[in-house]
Structure formats: C-alpha cells, structure tokens
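Please read the structure below before turning to the comments.
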Amino acid sequence: MKLHLLKSKIHNAIVTSGDLEYEGSITIDSELLEMAQMIPNEKVLVVNNNNGERFETYIIKGDYGSRVIQLNGAAARCALPGDEIIIMTFAVMDEKEAGSHKPMVLIVDRNNNPKRRHRVGEEDELLS
C-alpha cells in the first residue's frame, strides 16, 4: 500500500505579492526552498490562515534571500499580500518508509525570515 505523507512545510509565511497575469504558481525565495527541502516545479498545497482557503499549485524559485512569497495567476485570487499561509509538499511512500519518515518544518517570522527548523518529533534548530 502506498501512503501520501507530509514531506515538508513552510509555516506562517506571509504573502508578499500577487501577479494575476502570470501563468500560475507560487514564487518562493530559493533560500527558504533549500531550508524547507522543497524544489522548483514541486506540487504544493497552500492553506490561507486568514480565510481558510486551500489550493494546489507548483513552485517557482525566487531570488535567494528576497523573502518573496508571490502567488501567480489564479492562485493570486486565493490570498492577498499580508495573508498568512502554510505551504506544504507531500511524498508517496510505502508503509515501511512511512514508519521512519519525519517531515521537515520551517517556521518563518512576519517578514519571512527563517526562525527555526525541525523534523517532526525532533528538537528545533534556531535560525535567527
């Protein structure tokens, strides 16, 4: 049996901008991508903490250190600049892999600066 498990997430990110004219996606600072172990073109589930909306899109790599979290295309209608969101990736694995899997969690501040990071069930690594 194959299971879909949380692979990684960026928690409490703040939307910095939106571009309705772009073809789609979410642009994320490449430094945050590295820290959260996410990659360009990876499918993400995004949850808007302000309005409860959930939507799927894919990642575009933003400039390193820019702290950009930009929603593009139709996704730009799902959250406004200043909204707090959670960005999640998932992986498919068998039960044996799932037994030892520990998702990566990156928590950011109101300016999208990394505050701390940890694998679920392990201690935080302070980053700021």
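Placement of Cβ uses the backbone N, Cα and C atoms for every residue, glycine included.
Listed in Swiss-Prot for this protein:
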type	residues	note
ACT_SITE	Ser25	active site, schiff-base intermediate with substrate
MOD_RES	Ser25	pyruvic acid (Ser)
BINDING	Thr57, Gly73, Ala74, Ala75	substrate binding site
ACT_SITE	Tyr58	active site, proton donor
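Location within the structure of each feature annotated in Swiss-Prot.
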| residue | record | DSSP class |
| --- | --- | --- |
| Ser25 | active site, schiff-base intermediate with substrate | strand |
| Thr57 | substrate binding site | strand |
| Gly73 | substrate binding site | helix |
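Using a 10 Å Cβ-Cβ cutoff, Ala75 (substrate binding site) registers 24 neighbours. In this view, Gly73 (substrate binding site) is surrounded by 16 other Cβ atoms within 10 Å of its Cβ, with every protein chain counted. Within 10 Å of the Cα of Tyr58 (active site, proton donor), the following recorded positions from the list Ser25, Gly73, Ala74 place their own Cα: Ser25. Among the residues the record lists as binding substrate, namely Thr57, Gly73, Ala74, Ala75, the two farthest apart have Cα atoms separated by 10 Å.
Other C-beta atoms found within 10 angstroms of the C-beta of Tyr58 (active site, proton donor) number 14, with every protein chain shown included. A Cα-Cα distance of 5 Å separates Ser25 (active site, schiff-base intermediate with substrate) from Thr57 (substrate binding site). Compute the center of the Cβ atoms of Thr57, Gly73, Ala74, Ala75, which mark the site for substrate; besides them, the chain residues with Cβ within 8 Å of that center are Gly24, Ser25, Ile26, Phe55, Leu71, Asn72, Ala76, Arg77, Cys78.
Using a 10 Å radius centred on the Cβ of Ala74 (substrate binding site) and all shown protein chains, the other Cβ atoms total 13.
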